[in-house]
Structure formats: C-alpha cells, structure tokens
Amino acid sequence: MVAISPVAHKLLSYVPFLLVLIDLRYEGVNGGKDGGVENHLEMGKKLLAAGQLADALSHFHAAVDGDPKNYMAYYRRATVYLAMGKSKSALPDLSKVIELKPDFTSRGNLLLKHGKLDEAESDFKKVLKSNPSSKEEQEAQSQLKKSDEIQRLVAQAQSDFTRRDYGSAASHLDIIIDTCVWDADSREMRAECFIQLGEMGKAISDLKATSKLKSDNTQAFYKLSTIYYNLGDHEMSLNEVRECLKLDPDHKQCFSHYKQVKKLNKQTQAAEELIQQEKYSDAVSKYESVMKTEPNVPQFILNAKERMCHCLSKDQQPANAISVCSEVLKADPENVNALKDRAEAYLQDDQYEEAIKDFESAKEHSENDRQIKEGLERAQRLLKQSQKRDYYKILGVKRTAQKKEILKAYRKLAQQWHPDNFQDAEEKKKAEKKFIDIAQAKEVLTDPEMRSKFDQGEDPMDPESQQGGGHHHHFHGGWENFQGFNPFGSGPFNFKFNFN
C-alpha cells in the first residue's frame, strides 16, 4: 500500500497557489504614481504571500479602481485569480496588461504554463512586433522556441498514449509539465499513465492538482476515490467521493461508489470499536463481513485478515491466530503487526523458538518498537525456562487454564503419584520427585503473583531465575517434608516451606 502522509495531502491541496508563488516575479516597474495604488499593490503582495487570497484580491481590485491604466495592478489581480483556480477571470486582466504594455511577456508565459500553446505563441509574436527592448525580444524568442518544442512533445505523448506505451508517454509529459505546470489536461494524461504503470502515489499527486486546476472536476475526485479504495484506504476514498458529490449530488458513478465505500467504512469502524471493547470474537465476525462486502480488492482482504490475526491472538486462540497471521505474512512478509501477533500466538502455543524468529524479524523492520523488544526478551526467557521445567506441562493444563482447572488437575495427579501408592523403592523415589513437582506447580499456578512471574519467564521456585532478589518460595528438602500430606485436605498436614 502506498503511504500518503497527512502533510502531503495538505500540500497537494495548495498546488496551484504554490505554483503561482513560485512563478510570481515582481517586475520592478513603477506602474503608477498614486501612492494609494502602490500601497494597495504592496499590501496585496504581502497577503498573497501569506495565502490570504480573498484579502489580496480586494486590495488588487482597489488598485485597479484607483489607476485603471496601471498594468501591474491587472497583472497582480490575475495572479490571484490563477491561485484561486479561476483561469477564466484571470485572462481578461492579462489581456488588459498586453493592451497597456504590448512588450509585456508575462501573459504569454502564463498561457504557456496553462498549456494554451497557440495563444501563448500569438502573444510572443505580438511582443516581437512591438519594437521591444532587447531583453524582451530575447525572452519572446526563447519562449517561442520553447512553445514549438512543447507542441512537438505533446504530439509525441499523445501518440505514445494511443499506442499504450505509457512509460514513454509519461516521460514526454514530465518535460511538458515542467513548462506547462498548470496544464490540467497534461496532468490528467500523466495520471492515467501512472495508473496503468501501477505508480499510484504519482497518479494521486497529479489528480490532486487537476482537481484544483480545473473547476468542477468530478472525474478527478472519482478517480482519486477509486485509487484510494483499491489501495485499501477506505477513509481517504470516502473523503474524495464526498468531494465529487458536493460538486454534483446526482453523479451516478460517485453516488454508487459512495454507497459501497460508506458501507465498508461503517463495518470497519464497528470492528475497531469491538476491538477497543476487547470483544475479539465479535470483531473477527465483523471483519469477515468486511471481506464479504469487498471480496475483489486484495488490500481490503489483507487488512481484514491482519486485524483478525490480532483479535485471535488477543482472544487466546493460538492455532487460529497462527493460521490467519501466516496468510497475511505470505502476502506481506514485512508486516510488523502480523509478525508481532503471530509471535504472541506462538508463545501461547509454547512454540518459543518460532516466536523468537518472528520477534527478530519484526525488529529488523521496526527496531525502535518497545513492544517487540519486550516480547523478544520474554520469548527468550520462556525458551530458557521450558528447557528446565514447565509447571503447565507438569499439570497437563493450558496456559489459559483457570484456577478451578488447575486444582482439578493437581488433585488427580497428586492422587496418582502419591508415594504411598508405590512399594518398590525405585518407583517410590520416582514418585516422590514427581509428587514434589506437582505440588510446586500447583503452588505457582494458583498464586496470581507467582504465576505472573512464571508467565514472564521467571521461575519463582528457582532462586537462580529471580531478577530482583528479595524473598521467594521454594520447597526445602525432599519427600521427608511431605510425610502425612493429604492433597485432598483431610488428615495430618506436614507441607513445609522455607523462606530465604
């Protein structure tokens, strides 16, 4: 999926305005002697630079009213109109500039930037016929040459596009747009080339610009919405299709697409709310509905499975979680979230080495993630612990077992392995060791604090594994300290602890 940051989205929305500011060059000519007009021009320039277009336009209106023969006032007002995406309003002002100052090349330059090549060429020729200064003549000649080259490239790009040679067409359009930066048609063609080439981030950039450069451009918003949709970004898709419907509430394509995106967005939001409420099974069901709503966009399927992987891991369903997470990682091997969730599921399933591999892989792609670091350390402790003794395995219960299950398993095993049940000396010795392990397992797993430590990779009964010193339980001695012990709670009780 192509990531487009919120800052980038914001900047793209100001493309025409930024382009005007880049191009805007004060000519250094005193357009009139009226101090009030000059004040309006200066204030308008500052407001334009600050992005306050409406206020800047007001000052330039006042400058035009104050001195109808000041060509710079018309030129400045035209630049604001262009920044606001109002090309039609700008052109009469630019025509007035040419009328007042025939050797003024800026309208031709602006027409060239809009891709209006014939009109730009006409303006440059007028400049050459007006006995311009050598500087103006040189610029006009240069721009005429540039215009001819752009016309040749436009014809070549159109030919490449027709032949579906999108890479070559895009290369020609790159050169065209370097000069014709406000040419919406060239940007739309290049956007289509990028779509065909699978370069969706570049297509989005051009379509964002055309949505501003061309008024009521519903098609640009529709294309943006469908691109985001196919990238799996339902929220951005919904934003763009809403812009389309603002311009034309009856737009058939946008309205149909809007209903689909809205339904998908609603289901996804509902699933995320269930996750926040820790209703993981319900969230899995909701994401299954998402996949049924949109089975034809791979990214939505992948996104849904990633979240299902998370929910199944949180819901202590390791087998299912490992299966779904593996599907995600097959399609996206560097998916850090799926790696973390599968690692947690492996831990739940006592597959410590597999968990370590996943945490290490996740760390390669997100080395500063604290959760990964802590998970890896925990997995390494649990692997080391498993090579010694595992109280869950001793009692034959799952890590998710409740206290009631633990006590039930303990009583059954304690009865089975009570040394009084064995007469042979070797068998009795084996039973004594087994009985002590069973009693220790019950002690750890029924004490919330000790069980929590054990689940984090510490053995509360092993002094060597303690990480903070202090007091800890362990059984002292062997079977001699269990004489007379009845695991079912009746009779003599001689169960001893030693506190260090």
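Positions of Cβ are set from backbone N, Cα and C atoms, glycine also.
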Stretch carrying region 'Disordered' according to TrEMBL (options 127-147, 358-378): 127-147
For the repeat 'TPR' (218-251), the mean pLDDT of the predicted model: 95
Helix, strand and coil residues within the domain 'J' (390-458) as assigned by DSSP: 52 helix, 0 strand, 17 coil
